[in-house]
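*Asks:* One structure, pasted below without further comment.
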Amino acid sequence: MQRFIKWLAVITSLDLLIVLLGGALVTKTGSGQGCGKSWPLCNGEFVPSNLSMETIIELSHRLTSGSAGILVTLLCILSWKYYKHVRETKTLAILSFVFLVAQALMGAAAVVWGQMPAVLAIHFGISLISFASVILLTCLIFEIDQKFDARSLIMDKKMKFHIYGVTIYSYIVVYTGALVRHERASLACPDFPLCSKNRPMPTQLHEWVQMGHRVAAMLIFAWILYAMILAIRHYKQQPVVYWGWIISFILVTLQAVVGVLVVFTNASLAMALLHSLFISCLFAVLCYLVMLGTRSKVNAKEAELTSKQTK
């Protein structure tokens, strides 16, 4: 059964990643109304008779979201049953399921009633939490923490501050990026790093949305760079923290490069999807570090108790 659960966890993680990228594809191609205003049917039909490209993209996104719902539900039930001895299992299972349902309902509401771009931008963030929760469940199932000896990990308050702070802030950056997509502001500023050669400062809403995201992205790049330097200096003996921050910096660098290329490639589809891919992976890595940070407090108490007993 454990072998089956491992395969299920991997397939579910991949399916949720496809759902995330599919949502970005729907937004990028303007396929949100590919099935009209009907849900769960497509243009009022179970199998649509008129298959335009927008309909195919929207319908594919709905099908992958539906399969993700089934897989996440099954994974939550099995992990709850067979891995309940691991402290975070139940919390992650609940988060995975609840946020997936919230994402599906919000997507359906956007189709039927329509939503403001500021509200639609939350849709990607909700999906991201479900994805990260499933990734963490997968890590627990594969016992990644044991391989990195994470059970004995103890972090100082400074490192935990950076882990929690960067993760929360990354969610804000994700929201600003999603807002750029839904406001159709990807090409509002044709230059980089300033908005335009003729107008370095933004003058209208779409330019402010674009430049706000750029500033937020630059700040998270600098913050992760600083945290990585701390990890390299002080956590070489803790490989999970050491490599966690190095991987985070690699991902945020790739994210930044692709973000610039989105501007200079006229918002090409490939760059837009890579932009969503890298931030999804980065958020999952940061959430894993958060989980380790919560364990660190427990590990410190256990170490202190053991020390008192030996005395």
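Each Cβ is built from the backbone N, Cα and C atoms, and glycine gets one as well.
Straight out of Swiss-Prot:
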- 1-6: topological domain 'Cytoplasmic' (TOPO_DOM)
- 7-27: transmembrane segment (TRANSMEM)
- 28-62: topological domain 'Extracellular' (TOPO_DOM)
- Cys35-Cys42: disulfide bond (DISULFID)
- Glu58: active site (ACT_SITE)
- His61, His123: heme o binding site (BINDING)
- 63-83: transmembrane segment (TRANSMEM)
- 84-91: topological domain 'Cytoplasmic' (TOPO_DOM)
- 92-112: transmembrane segment (TRANSMEM)
- 113-121: topological domain 'Extracellular' (TOPO_DOM)
- 122-142: transmembrane segment (TRANSMEM)
- 143-159: topological domain 'Cytoplasmic' (TOPO_DOM)
- 160-180: transmembrane segment (TRANSMEM)
- 181-211: topological domain 'Extracellular' (TOPO_DOM)
- Cys189-Cys195: disulfide bond (DISULFID)
- 212-232: transmembrane segment (TRANSMEM)
- His213, His275: heme b binding site (BINDING)
- 233-243: topological domain 'Cytoplasmic' (TOPO_DOM)
- 244-264: transmembrane segment (TRANSMEM)
- 265-271: topological domain 'Extracellular' (TOPO_DOM)
- 272-292: transmembrane segment (TRANSMEM)
- 293-311: topological domain 'Cytoplasmic' (TOPO_DOM)
*Asks:* C-alpha of His213 (heme b binding site) to C-alpha of His123 (heme o binding site): distance in Å?
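*Replies:* That comes out at 17 Å between the alpha carbons.
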*Asks:* Is the transmembrane segment (212-232) in contact with the transmembrane segment (272-292), using three or more Cβ pairs under 8 angstroms as the rule and ignoring pairs under 6 apart in sequence?
*Replies:* no
*Asks:* When a 10 Å sphere is centred on the Cβ of His275 (heme b binding site), how many other Cβ atoms does it contain?
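*Replies:* Step by step: centre on the Cβ of His275 (heme b binding site), count other Cβ atoms within 10 Å, giving 25.
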*Asks:* Fewest other C-beta atoms within 10 angstroms of its own C-beta: which of the disulfide-bonded residues Cys189, Cys195 fits that?
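*Replies:* Selected from the disulfide-bonded residues Cys189, Cys195 on minimum Cβ neighbours within 10 Å: Cys195.
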*Asks:* Out of 92-112, 122-142, 160-180, 244-264, what stretch is closest in contact terms to the transmembrane segment (63-83), meaning most Cβ pairs under 8 angstroms?
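*Replies:* Most Cβ pairs under 8 Å with the transmembrane segment (63-83) come from 92-112.
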*Asks:* Within 10 angstroms of the C-beta of Cys35 (disulfide bond), what count of other C-beta atoms is obtained when all protein chains are considered?
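*Replies:* A count of 23.
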*Asks:* Is the transmembrane segment (212-232) in contact with the transmembrane segment (122-142), using at least 3 Cβ pairs under 8 Å (sequence separation of 6 or more) as the test?
*Replies:* no
*Asks:* If you run the three-state DSSP split on Cys195 (disulfide bond), which class comes out?
*Replies:* coil
*Asks:* Restricting to the recorded positions His123, Cys189, Cys195, His275, which ones have a CA within 10 Å of the CA of Glu58 (active site)?
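*Replies:* Passing the 10 Å Cα cut: none.
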*Asks:* Only counting partners 6 or more residues apart, tell me which same-chain residues put their Cβ under 8 Å from the Cβ of His61 (heme o binding site).
*Replies:* Val19, Gly22, Gly23, Leu25, Val26, Ser31
*Asks:* Between Cys42 (disulfide bond) and His123 (heme o binding site), what is the CA-CA distance rounded to a whole number of Å?
*Replies:* 20
